[in-house]
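Worksheet: the structure to be examined is printed underneath.
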């Protein structure tokens, strides 16, 4: 919400400085995001009156103006603006003036005529991006007044960053109400009286969706002068609030929206057919908006229509075919209350965000439409003339938001805030906020006004009191109570162990959104069944994640673009598959590595991370299940998002529980990644089912190492060799490990040489050579029989 300090002070004018006002707003929860001067710095510019205008003797596009700045004599100024005319008040930069663009005004001779200054446009003063002629000023009492004083440029624009629940402050009226409470200052509202109907013209209104639009007001205005310029004061208040002037009618509706908080819309009455209908759209119904956007509507979009076509997106933006222009003389004014739940998300669904939708989706006071209608009508008739018809109102009170009644207990206030607030002050502050307060035995019975959608519970009122008392003034009191140890479930403790394992391996935990980009997720998990959100935060957060990889890959992109060369992320969270009726939520642990295998150091030659680095990290997680680690195996398999030659499926007792591998090269190219990325994903439930450790005393007898080298077919995975060894049941085989793989010279092309290290040890006695040799011969025979191995000497 952006507004000018001067406008606010016409409503409430506390005796505090500008800096204090900004600070008080921020401390009260209305965070001031920025303040800026309402005009660019310039000096030497006066409010001047053009007395006479004559054609330039030798330049047909120029005029010679005689200008009065109250100095006793007229100044000759050469000007090329088309709107320069006698009687016009305009800004004059005198000799020596400094303009915002760094321009210094000097005595100049234009086509033989000396010019003693420059008449200025709004653009030349930094008040607009572009302008076609001189800035036309309101008539003053005396020419020659400094323009800063003449136009009250000693002002600032204040922009407040409001939280979504404070829609009541999306207006000058709402901000003024807050300032009045904070400073105990009176609030002076403009007098808004009902406008008496001068004509009997009405335009029928039908509301077929009362739950979506419980209140709709319309009014016919005839004979409005379309050539009337928006008054300077109104244009300036809009500009200082960040809104461009777009013509009188639009300016007035925007002004009322900023002043009172009620978005309005004006239709060209002569372009409407039959009557207004407030209804839901029809499938594939067409609508062209005021900004030229062509839409195909759906059946969940609330629209304003006539008997022939859709006219506007309700609460969002009007349509081109019914919009007003500089020839419009007859208007139909709309002022309505739309249910926030109906408007929320529709603007984003169509890729739109307007001041109107911003307010309606947060909640507009349902009692405000009539007041806004009268205010807009009065302004239009006062400025542009015309005649107003009666107000037509269609309302369903049963569909309006109920006004909550809350019991506020004094003891509860003290217990939550830790400070005693005088009863009289509580009553005064709540009343100033617009709440109806009645004293009862235990505290107060408070009736919430229609404009406060955020007040529903007792704690909401206590929060208001704390906010107005001042969060900075609340005492800091340590809680007193018994400290109880936090009891974690086995599942909670297990994920903490996984976290610790990964952190020890130099990973960082990431927490990403559960809402993800549908296109990216389709690339990473094309077989998933994502749940599409009806009301997405944005178009790139439109579906629920079916895999954690989507968020991790986006995090990789973000960090890569910021020159992070070594990235190791993991995330624990839920994935969502299916639709609402059969939605499957699954706890998942996933990780991603990219860049160097280990941090740069002097003692090791750097190398990029590879598939086996990631596999080692996954094996470290699987080792947490104890003896049941042997239930897991890695099988080469194909995944659409992974490199076809560097991907594996993780199985537990034959059932798929996860994936790991390198990101597909095509995806790396599409995502513009600078280095190869490796990912894993694992169902947490699969690794939670482990066995408790069983104590085994260490053998005091020596361990013996034996190495076996053999040839097998090149297409046999090492995992098959390991499975073969696991089948060799023995009480002396403590450990086996692959320590060499060789292909090339001296080996048949269809073979590979593997070398295994076997560690043998018995818990009760020293192994003899005979016992060891018998076991080794048994292992070699098993390899030959099961795998067709050729033992190497």
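For all residues, glycine too, the Cβ spot is worked out from N, Cα and C.
Swiss-Prot has this to say about the protein:
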BINDING   454, 460, 463, 464  Mg(2+) binding site
DOMAIN    39-148  domain 'tRNA-binding'
DOMAIN    401-476  domain 'B5'
DOMAIN    699-792  domain 'FDX-ACB'
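Neighbouring residues of the recorded Mg(2+) site, listed in sequence order and excluding 454, 460, 463, 464, comprise 455, 459, 461, 462, 467 (Cβ within 8 Å of the Cβ centroid). Here the binding-site residues are 460, 464, and the one whose Cβ sees the fewest other Cβ atoms within 10 Å is 460. Of all Cβ atoms in the shown protein chains, 17 besides its own fall within 10 Å of the Cβ of residue 454 (Mg(2+) binding site). Long-range Cβ proximity for residue 463 (Mg(2+) binding site), meaning a same-chain Cβ under 8 A and a gap of 6 or more residues, is found for none.
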